[in-house]
Amino acid sequence: MTSSVTISVVLLISFITPLYSYLSIAFPENTKLDWKPVTKNTRYCPMGGEWFLEPGLQEESFLSSTPIGATPSKSDGFLCHAAKWVTTCDFRWYGPKYITHSIHNIKPTRSDCDTALASYKSGTLVSLGFPPESCGYASVTDSEFLVIMITPHHVGVDDYRGHWVDPLFVGGECDQSYCDTIHNSSVWIPADQTKKNICGQSFTPLTVTVAYDKTKEIAAGGIVFKSKYHSHMEGARTCRLSYCGRNGIKFPNGEWVSLDVKTRIQEKHLLPLFKECPAGTEVRSTLQSDGAQVLTSEIQRILDYSLCQNTWDKVERKEPLSPLDLSYLASKSPGKGLAYTVINGTLSFAHTRYVRMWIDGPVLKEPKGKRESPSGISSDIWTQWFKYGDMEIGPNGLLKTAGGYKFPWHLIGMGIVDNELHELSEANPLDHPQLPHAQSIADDSEEIFFGDTGVSKNPVELVTGWFTSWKESLAAGVVLILVVVLIYGVLRCFPVLCTTCRKPKWKKGVERSDSFEMRIFKPNNMRARV
């Protein structure tokens with residue numbers, strides 16, 4: 001069934017292709033991107049798709065310029081984590097030892113992070129783990145190691161102000177070389193410590209088209225601006241602002257383009273038509289802005305925004321996503337934005353810059369397109385693919401199938417639907433321990449304990465634990481019996497030893513005359529009596 005539908009779709013496309021020989025799309029400028037898992041609570045929706053100006057409007061173009069930033073769309077850096085790893089020995093007076101391990105989060109110092117970062121770059125940074133226990137009798141002793149860990153972490157860049165932007169930063173942005181995060185035990189350090197002058201950034205040439213009603217008097221409220229980076233910018237919400245010594249205007253989305261004071265429309269100077277921007281106005285980028293902040297009141301953009309939010313609702317409910325759902329999350333106009341894909345069942349995103357490209361149709365035999373203009377040279381627009389069921393998937397739902405390379409959003413726009421566009425796949429956000437709550441500080445007061453890893457707590461069990469095998473127990477029994485017999489023998493022999501030690505005594509009433517020596521002195525009659 002699927003193959004027959006695919007064949008019919010390809011046949012249908014073959015008839016439609018001549019009518020759409022130059023299909024204009026907004027697509028990532030690089031053929032490969034650096035993908036990261038989408039974390040929970042992410043609901044970024046880009047600015048709506050490009051508007052088509054009314055046929056009755058007169059269009060004129062003028063050469064302008066826009067800052068592209070002194071840094072790329074993302075900046076390399078490192079997260080520095082600090083914790084105290086503690087081994088506690090509770091040595092009781094009656095014998096047992098209680099050994100516990102715990103981890104305590106602490107705020108790293110600048111010197112600790114610099115030292116650890118130098119070791120990390122040289123490949124000598126190691127985690128010592130828990131220290132060995134140090135036990136003192138009848139006391140509680142702590143042994144601790146200060147463990148500093150370094151992990152690479154890329155952040156976005158606000159091209160205009162030179163600020164780093166990331167959900168981990170407090171408030172979502174940072175302009176220092178040592179940035180606090182929502183986790184008190186972690187700080188972010190940029191890989192390049194050099195401070196850049198904002199006005200030292202490059203300004204790229206840009207052709208801006210201005211549309212107006214030629215039947216009415218030219219005023220700011222009746223002007224619409226358009227460029228390859230700006231889809232539909234209303235003059236009514238545009239103001240005049242000097243930036244780095246250049247005259248220019250700031251669009252409603254916060255982006256700035258130069259506008260020469262000599263530029264005219266129907267012999268009327270364009271720059272004075274706009275009012276001055278309020279004092280303290282900053283030039284901003286909308287890359288990290290929330291979808292609700294860039295949503296305008298025009299009905300053409302409400303649909304895109306609703307479809308995008310509906311897709312995030314599916315992600316939140318952990319429902320499977322189709323390639324068409326992914327296309328709703330992507331930017332529809334040139335400029336900085338985010339691209340989405342599915343990698344091993346995980347919804348992933350990447351920072352990118354969308355550029356205008358022209359393709360032969362919504363279904364291609366090869367992933368090739370023309371840049372700069374419809375008359376340009378065709379080149380590969382994408383080379384990075386991931387497994388997606390029986391097919392492969394690229395950015396924003398772009399499918400690599402047996403029937404060709406399909407762009408779901410553009411196929412639906414032409415009323416072409418097939419089963420492959422609705423192929424479902426698990427695409428859940430990653431449960432990362434660092435959830436992006438940029439407006440609050442994460443609670444790092446919790447301490448991690450690994451429980452009692454010491455010896456027995458019972459003195460009786462402690463004694464019986466001395467004998468770990470039956471041989472030792474038998475030997476102990478024999479020794480005990482011998483000791484008892486020895487003690488009994490000593491007690492029995494003690495009276496005998498005491499008797500032999502006594503001295504002889506003379507009997508009372510025995511005269512010494514009975515001795516042999518005295519008999520010779522006795523008379524005979526006395527001897528006879530004796």
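Cβ from N, Cα, C; glycine included.
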Subject >> Of the candidates Cys244, Cys277, the one sharing a disulfide with Cys239 in Swiss-Prot >> reply: Cys277
**OP:** With reference to Swiss-Prot, specify which of the listed residues Cys45, Cys113 is paired with Cys80 by a disulfide.
**Re:** Cys113
Subject >> Per Swiss-Prot, the disulfide partner of Cys45, chosen from Cys244, Cys308, Cys493, Cys498 >> reply: Cys308
Original post:
Swiss-Prot pairs Cys135 with one of Cys89, Cys179, Cys199 in a disulfide bond, so which one is it?
Top reply: Cys89
Original post:
Using a Cβ-Cβ cut-off under 8 angstroms and a sequence gap of six or more, which residues of the chain neighbour Asn344 (N-linked glycosylation site)?
Top reply: Phe386, Lys387
Original post:
Out of Met149, Val155, Asn184, the recorded positions in the record, which is closest to Cys498 (S-palmitoyl cysteine) when you go by Cα distance?
Top reply: Met149
Subject >> Long-range environment of the region 'Trimerization' (392-414) - Cβ separation under 8 angstroms, sequence gap at least 6 >> reply: 6-7, 9-10, 16, 20, 23, 25, 27-28, 33, 322-330, 332, 339-342, 350, 352, 359, 362-367, 382, 384-386, 420-421
**OP:** With an 8 Å cut-off on Cβ-Cβ distance and a minimum sequence separation of at least 6, pull the same-chain contacts of Met149 (site 'Interaction with host Vim'), or say none.
**Re:** Cys80, His81, Ala82, Ala83, Ala116, Leu125, Ser127
Subject >> For the topological domain 'Intravirion' (495-530), the mean pLDDT of the predicted model >> reply: 56
**OP:** Count the residues of the region 'Trimerization' (392-414) that DSSP assigns to helix (H, G, I), to strand (E, B) and to coil, and report the three numbers in that order.
**Re:** 9 helix, 8 strand, 6 coil
**OP:** If we count other C-beta atoms within 10 Å, could you say which of the recorded positions Val155, Cys498 has the fewest?
**Re:** Cys498
Original post:
Roughly how many angstrom lie between the C-alpha atoms of Val155 (site 'Interaction with host Vim') and Asn184 (N-linked glycosylation site)?
Top reply: 18
